[in-house]
Amino acid sequence: LRECFWPISVFLVHPFTIFVLIRKSPMSIDCKSAFVVHHIVLMCFDYYNGALYQMYTMAPIPVFICTGLMCHGAAEGTSILTGLSILTISLCFPYLFIMLRMHQKMLFQGSPLKVNKNTQVFILLLLTATLISNIFGFYRWTVDIPEKEEILNKEDLIWARNYSSNFLVLGKSIGDIGPFTNELILLAISILINFTFYVSITYHAVYKLGRQMTHVQSKTHELQLRFIYSLTIQAILTACFFITPLALLFVALVIDLSIIIPDGLFAFSRFLFLMLFSTCSFSHSAVFLSKNPWFKQHVKRRVLRSQVTPNPTNMAATTIAFDGYSRARSIFPGSSSY
């Protein structure tokens, strides 16, 4: 599935979205630049996740399998997973910047929440520090256990050696992930801080400022609010497609749920996790395009043209009927049209 998805995403969906962003979006240069960077990182993420890494988790067993192009060499599982964390965290920077800038632009003069650019930079640096700390956490606490070969030779995992030779074994048994627990705690704190900030300013921009703007007839404010709606939907999809599956995966690694959850459900949840994790970036582009005025007008024109274009079968039938009618008039001179 990922091998089919990433070329479509990298070579078609994201480049087209970037084109619409640059050429067909009435957006300020700072937000437009950040959005373009965001989609470039999305392209890198899809290529890394879909072609180079191709992670497969054996949850609730604390084992990760690497089946991508990078997995057949001497690359370590720790380094490869850390690379994925770098791209994942890099996706957050442009979003935080865009949301903060749009929120500040929508605020009216004199608002107590309106701050200068230095304060905005300070806020972004604090949020960025919490995110970057996870990169060091992944590199420091993602380690193979000494009993790695013994674990991989067990009956539950021996079959996986037919698909890859690159494994990351975090613990001996279900619920045991060793030092990686520290990274999960750090990651949970980072998600709580950053997502709470994002949700707070989104709520304020949509519900508080949006209601005030209903009394202000401004094309700029209308475009800003529409853009905020788009970012809000993308944040919801990120929570559904990315954060929630990731949180459930980590819960399954830390807590032994095999007692209450059958093995068949675990197998399905692994497939569902990979599908949601891999298609999150596609949903971002789909939401942006669905909210873009130029794209919507272009699609409507295409649909209208397809409806207006005459059916060749009907045209042929009309032509035959007209020819027959003309012949009848030539045979009967007295006949006339209405």
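Quick reminder: no glycine exception, Cβ is built from N, Cα and C everywhere.
The transmembrane segment annotation in TrEMBL covers 6-22 (among others).
Look at TrEMBL and you will find 81-100 (among others) tagged as transmembrane segment. Tertiary proximity for the transmembrane segment (81-100) is limited to same-chain residues at least six positions away from its ends with a CB under 8 Å from its CB atoms, namely 31, 34-35, 37-38, 41-42, 44-45, 48-49, 53, 55, 64, 120, 123-124, 127-128, 131-132, 134-135, 138-139, 142, 168, 194, 197-198, 201-202, 205, 231, 234-235.
Tertiary neighbourhood of the transmembrane segment (121-139): same-chain residues 78-79, 81-82, 85-86, 89, 92-93, 96-97, 100, 115, 182-183, 186-187, 189-190, 193-194, 197, selected by CB-CB distance under 8 Å and a gap of 6+ residues from either end. The transmembrane segment feature in TrEMBL is assigned to 121-139 (among others).
What TrEMBL records for 184-206 (among others) is transmembrane segment.
Long-range neighbours of the transmembrane segment (227-255) within the same chain, counting only residues 6 or more positions beyond its ends whose Cβ lies under 8 Å from a Cβ of the stretch, are 27, 31, 57, 59-60, 62, 95, 98-99, 102-103, 106, 170, 175, 177, 180-181, 184, 187-188, 191, 195, 198-199, 202, 205-206, 210, 266, 269, 272-273, 276-277, 279-280, 283-284, 287-288, 291. The transmembrane segment feature in TrEMBL is assigned to 227-255 (among others).
What TrEMBL records for 267-289 (among others) is transmembrane segment.
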